[in-house]
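Since the structure comes first, as structure tokens, the remarks are kept for the end.
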Amino acid sequence: MSENASHRHADFRALGPVDRWLADAQNGLVTVFGRPHAERANPADPEPEVVLDESARRHAAGLMRINHVGEVCAQALYFGQAAVARDPETRAHLLAAAQEETDHLAWCAERLDELESRPSLLNPLWYAGSHAIGVLAGLRGDGWNLGFVVETERQVEAHLQEHLETLPAEDLRSRKILQVMKEDEARHADHAEAAGARILPRPVAGVMSLASRLMKTVAYRV
Ligand SMILES: [Fe+2]
Ligand SMILES: [Fe+2]
């Protein structure tokens with residue numbers, strides 16, 4: 001993590017409970033209504049922009065809107081979990097992962113702009129729902145917290161793979177972004193596993209997968 005990146009969360013780690021909730025709320029507002037900044041260069045930078053035909057452009061924009069929502073949800077989950085995590089190490093782990101998700105969020109937003117589209121209008125709703133889930137997971141204890149990270153990251157990794165297969169072939173800029181995101185998500189899952197994640201009960205994983213399918217169907221359009 002760069003010095004700047006760690007700065008965004010360093011204060012959060014040292015705060016008391018009330019201030020931590022305030023910082024959490026502020027993170028939420030920036031994620032949903034602000035323009036988060038990436039710490040790393042956009043992986044699409046080396047690829048030239050090509051003009052996509054209208055249906056390819058709309059399809060690519062729909063997929064990138066889904067990915068943007070996925071990153072909004074990741075921020076919400078991690079901040080929600082971090083707000084109630086008991087172990088400072090687990091909290092640090094969650095916030096470090098959240099920082100890389102901020103890069104993803106910024107890259108997806110930039111790509112949506114380039115595709116002359118916009119993020120989901122329902123982002124406040126996606127954020128609120130995911131944050132509540134994150135808090136609930138966090139309250140169950142740190143093993144659950146990390147288990148949630150593993151399940152979320154594995155599901156995101158799988159849908160990124162799906163998107164890489166269905167993106168218009170000529171949309172190399174979106175592709176480059178999704179490739180780096182996929183590598184990052186796999187690493188987030190591996191780290192959480194190594195940090196002592198417990199395996200979530202099947203029904204919980206099933207509900208998460210159902211919720212993400214609903215999100216993808218809606219976010220492709222709205
Ligand atoms: Fe991500
Ligand atoms: Fe991730």
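Just so you know, glycine gets a Cβ as well, placed from its N, Cα and C.
Any TrEMBL annotation is an automated prediction that lacks curation.
According to TrEMBL:
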BINDING   GLU71, GLU101, HIS104, GLU185  Fe cation 1 binding site
BINDING   GLU101, GLU153, GLU185, HIS188  Fe cation 2 binding site
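For GLU153 (Fe cation 2 binding site), the binding-site residues whose C-alpha atoms fall inside a 10 Å radius of its own C-alpha are GLU185, out of GLU101, HIS104, GLU185. Around the Cβ of GLU185 (Fe cation 1 binding site), 25 further Cβ atoms fall within 10 Å across all displayed protein chains. For ligand 2, the neighbouring binding-site residues among GLU71, HIS104, GLU185, HIS188 are GLU185, HIS188, by Cβ distance under 6 Å. In the three-state DSSP reading, GLU185 (Fe cation 1 binding site) counts as helix. Of all Cβ atoms in the shown protein chains, 26 besides its own fall within 10 Å of the Cβ of HIS104 (Fe cation 1 binding site). Neighbouring residues of the recorded Fe cation 1 site, listed in sequence order and excluding GLU71, GLU101, HIS104, GLU185, comprise GLY70, ALA74, GLU100, ASP103, LEU105, VAL156, MET181, ASP184 (Cβ within 8 Å of the Cβ centroid). Using a 10 Å Cβ-Cβ cutoff, HIS188 (Fe cation 2 binding site) registers 26 neighbours. Taking the centre of the Cβ atoms of GLU101, GLU153, GLU185, HIS188 as the Fe cation 2 site, the nearby residues of that chain (Cβ within 8 Å, site residues left out) are ALA74, ALA97, GLU100, VAL149, THR152, VAL156, GLU157, ASP184, ALA186, ARG187, ALA189. Within the group of binding-site residues (GLU101, GLU153), the Cβ with the highest number of other Cβ atoms inside 10 Å belongs to GLU101. In this structure the alpha carbons, written CA, of HIS104 (Fe cation 1 binding site) and HIS188 (Fe cation 2 binding site) are 13 Å apart.
Annotated pair GLU71 (Fe cation 1 binding site) and HIS188 (Fe cation 2 binding site), C-alpha to C-alpha distance, rounded: 13 Å.
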